[in-house]
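Chemist: Taken from TrEMBL, the feature transmembrane segment applies to 147-169, 181-199, 228-245, 257-278, 310-331, 352-373, 385-406, 413-437, 443-470. According to TrEMBL, the feature domain 'STAS' maps to 498-553.
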Amino acid sequence: MEEVHHVVAPPHKSTFQKLKARLKETFFPDDPLRQFKGQPLKTKFVLGAQYFFPILQWGPNYTFQLFKSDLIAGLTIASLAIPQGISYAKLANLPPIVGLYSSFVPPLVYAVLGSSRDLAVGPVSIASLVLGSMLRQEVSPTTDPLLFLQLAFTSTFFAGLFQASLGILRLGFIIDFLSKAILIGFMAGAAIIVSLQQLKSLLGITHFTKQMGLVPVMTSVFHNVHEWSWQTILMGICFLMLLLLARHISIRKPKLFWVSAGAPLVSVIISTILVFAIKGQNHGISVIGKLQEGINPPSWNMLRFHGSHLGLVIKTGIITGILSLTEGIAVGRTFAALRNYKVDGNKEMMAIGFMNVVGSFTSCYVTTGAFSRSAVNNNAGAKSAVSNVVMSVTVMVTLLFLMPLFQYTPNVVLGAIIVTAVIGLIDIPAACLIWRIDKFDFIVMLTAFFGVIFISVQHGLALAVGLSTFKILLQITRPKTVMLGKIPGTDIYRNLHQYKEAVRVPGFLILSIEAPINFANITYLNERLVSALHIQVKGTHPTKKTNVHRIFL
């Protein structure tokens, strides 16, 4: 006796109701307004203020005991942020002081708007590299430094505007196009490019190529052998070994995190004293030079929203905005998972975005949450975003009173600090894991890696994103279809090729289609269906009936 199950039509909905439901499912899957339902007006106002300013949520419960932990963590990350800020600003072809400015104002903004307890905000190597390399294509930082600085601040404004817009419009899914494979390949390639750029400082070369690719950099290095300075090379090797040793100790013994956190500042102090004592600038060792004292001057009057470079700053802002946003959210979510609390991705986008908009008004360039500083912040016992405030105050004190001390800091040590910081971006175990899981993703990763090294940072990223998007389109237009069989003694159906105990149901063809059916794949699915029917009929015993009574998808 054949059992018939009647399928009823779904409840009727108007076109507006369907559109509303679809938009809600797409842009508001977490239903952020549910906490406001049924609440009095005053409570709604408080909840709204806490949503946009998370500090109002945890601030009233903040205690002195928590502050002691945040004070230690803040001072620890400040010891890392000061030398890194100076180094990353030079990587972006900006005045070193701008790196310290960017470690002062943005952390204060993030402390008010951010939802992560562990994120330590400041300049990062990848965004610095991309910003400097893209702007340098049209403007030289040496011949026209003022215009270059103006374009950097304007790019930061557009980066922040783009980031905040993604959060406000809840379009964060856009950054999901930067898959794990793309990021691993891109980060590794960028780390090598950043390290190669430091050969100028580590070897003491004066005339160095402005290009970023592997071939022109190595060509420039060996064409200028006569400019190599043995004093600079010796100092670079010594401090590079010291920094790598400190990093190795902290990796092997996580409780000694303070060793790698304090090593950059210790290196800066020792090298500065050494250069001052031996007058190293007279022996071929280049130094930073005199730095401007005082806190961030306003820069809103330096933003350029007109002229021939407008397209460049918008493009630079969007690319650096996406990269810094991806890194910041990934770092925030990583440590939130470790400490069992939740980070709202859309809030983070708004926080990082507004942080960069405010930064562009106060002489800062693109900032985000850096993994190295956030890891130190977490290991140092940070309990809240107050650690960012402590770091910011420490940087402010440095800007007001300690800037003359950096006058004799050698550039070679800053180069060694950058090389040590970016080495951690090369994740070989993760690359091996991708190879085992998905060969196509591995090809995407290699595309990003070699594209960055041999072409350019932005083109390598674009190639990888394009290839990854092609894979998504391929999965939609050519979805995987598998024939299912029944596990004997159960009501479970599984892939016949993966489960040897699964058996075909006589007279039925059961197919699983691993994608929605739409106009782009209907022709392909028809062909697959005919092929599956042919296989089903061909595989039937000759003495049995070969017709298929039912087809289930």
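Using the three backbone atoms N, Cα and C, a Cβ is placed for every residue, glycine included.
Small disclaimer: the values here were computed from a predicted structure and weren't measured.
Please go over these features one by one and say how buried each is and what sits next to it.
Modeler: A Cβ distance under 8 Å defines the sequence-distant neighbours of the transmembrane segment (147-169), meaning residues of its chain 6+ beyond its ends; these are 27, 92-95, 98, 131, 134-136, 139-141, 175, 299, 302-305, 309, 312-314, 316-318, 320-322, 324-325, 346-361, 363-366.
Counting same-chain residues at least six beyond the ends of the transmembrane segment (228-245), those with a Cβ under 8 angstroms from any Cβ of the stretch are 201-205, 260, 263-264, 267, 271, 274, 280, 283-286, 410, 412-413, 415-417, 419-420, 423.
Beyond the ends of the transmembrane segment (257-278), by six or more residues, the same chain brings 76-77, 79-80, 82-84, 235, 239, 242-243, 246-247, 249-251, 285, 287, 375-376, 379-380, 405-406, 408-410, 412-414, 416-417, 420 to within a C-beta distance below 8 angstroms of the stretch.
For the transmembrane segment (310-331), the residues of the chain that approach it from at least six positions outside its boundaries are 119, 124, 126-127, 130-131, 134-135, 137-138, 151, 154-163, 166, 172, 174-175, 178, 183, 304, 343, 345, 348-349, 352-353, 356, 366-371, 374, 458, 461, judged by C-beta separation under 8 angstroms.
Remote same-chain residues near the transmembrane segment (443-470) are listed as 129-130, 133-134, 177-179, 181-182, 184-186, 188-190, 192-193, 212-215, 319, 323, 431, 434 (criterion: CB distance under 8 Å, separation of at least six residues from the stretch ends).
Residues belonging to the domain 'STAS' (498-553) score a mean pLDDT of 73 in the model.
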Chemist: Most CB pairs under 8 Å with the transmembrane segment (181-199): which of 352-373, 385-406, 413-437?
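Modeler: Out of the listed stretches, 413-437 contacts the transmembrane segment (181-199) most.
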